[in-house]
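These notes are about the structure you will find just below.
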Amino acid sequence: MLLSDRDLRAEITAGRLGIEPFDDALVQPSSVDVRLDCMFRVFNNTRYTHIDPAKQQDELTSLVEPQDGEPFVLHPGEFVLGSTLELITLPDDLAGRLEGKSSLGRLGLLTHSTAGFIDPGFSGHITLELSNVANLPITLWPGMKIGQLCILRLTSPAEHPYGSTRVGSKYQGQRGPTPSRSYQNFITST
């Protein structure tokens, strides 16, 4: 069940749904707008010949932070990682779904490639997979509305929520745009 504005406010007021910093003006009829943080991860295309999800490639991306008052310019065809300004914390019986903003989509900005789902138990900043499919550069301003977070109530609390040892939660507690940790899926224990 998708939570309405009144249910979202009730969960936040009760302290079960964490959104920090919280601005009540960002609550929509069935979502909460989230804003863009000031850090971005850009891909270094001169260090590696290819991306291998099975290998740890620490120098694949670099952290970039525009100067105060300056935007980040996302060029046509470019893909970077960003993150929400808000720290999101979900209880064991709520899940989230990040969607883009229609107004930005109409300009050619994609907010996430595949990872729009947030598991119950997650706590951290949501990493954004930002792509410019327009034929002109798009300026991304820190603090701008970048997406909307929908919250879904589970039929029962998750038995093993995100963050529990059994799940292997690679991104619990992440701060800022966090690079892929897919290589951890290939590690075999002996």
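Cβ atoms here come from the backbone N, Cα and C positions, even for glycine.
Quick look at what Swiss-Prot annotates:
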| type | residues | note |
| --- | --- | --- |
| ACT_SITE | E129 | active site, proton donor/acceptor |
| BINDING | K101, S102, S103, L104, G105, R106, D119, T127, L128, E129, Q148, Y162, Q174 | dCTP binding site |
| COMPBIAS | 171-190 | compositional bias 'Polar residues' |
| REGION | 163-190 | region 'Disordered' |
| SITE | G116, F117 | site 'Important for bifunctional activity' |
Given a separation of at least six residues and a C-beta threshold under 8 Å, show me what packs close to L128 (dCTP binding site) in the same chain.
L36, L81, G82, S83, T84, L98, T111, H112, I146, G147, P177
Provide the number of Cβ atoms within 10 Å of the Cβ of G116 (site 'Important for bifunctional activity'), excluding the reference atom itself.
18
Under a three-state reading of DSSP, tell me whether Q148 (dCTP binding site) is helix, strand or coil.
strand
E129 (active site, proton donor/acceptor) and D119 (dCTP binding site), distance between Cα atoms, whole Å:
17
Where does D119 (dCTP binding site) sit in DSSP terms: helix, strand, or coil?
coil
According to DSSP, folded down to helix, strand and coil, what is L128 (dCTP binding site)?
strand
Any idea which of the binding-site residues S103, Q148 has the thinnest Cβ neighbourhood at 10 Å?
S103
Within 10 angstroms of the C-beta of E129 (active site, proton donor/acceptor), what count of other C-beta atoms is obtained when all protein chains are considered?
17
Residues with Cβ closer than 8 Å to the Cβ of F117 (site 'Important for bifunctional activity'), same chain and 6+ apart in sequence?
A95, G96, R97, L98
Just to verify a number: CA distance, G105 (dCTP binding site) to E129 (active site, proton donor/acceptor), in angstrom, no decimals.
13
Whole-number Å distance between the CA of K101 (dCTP binding site) and the CA of G116 (site 'Important for bifunctional activity')?
13
Pick the one among the binding-site residues G105, D119 whose Cβ has the fewest other Cβ atoms within 10 Å in this structure.
G105
Near the residue listed as 'active site, proton donor/acceptor' in space, meaning Cα within 10 angstroms, which of the recorded positions do we find among S103, G116, Q148?
G116
Validating a neighbour-count step here. Other CB atoms within 10 A of the CB of K101 (dCTP binding site): how many?
17
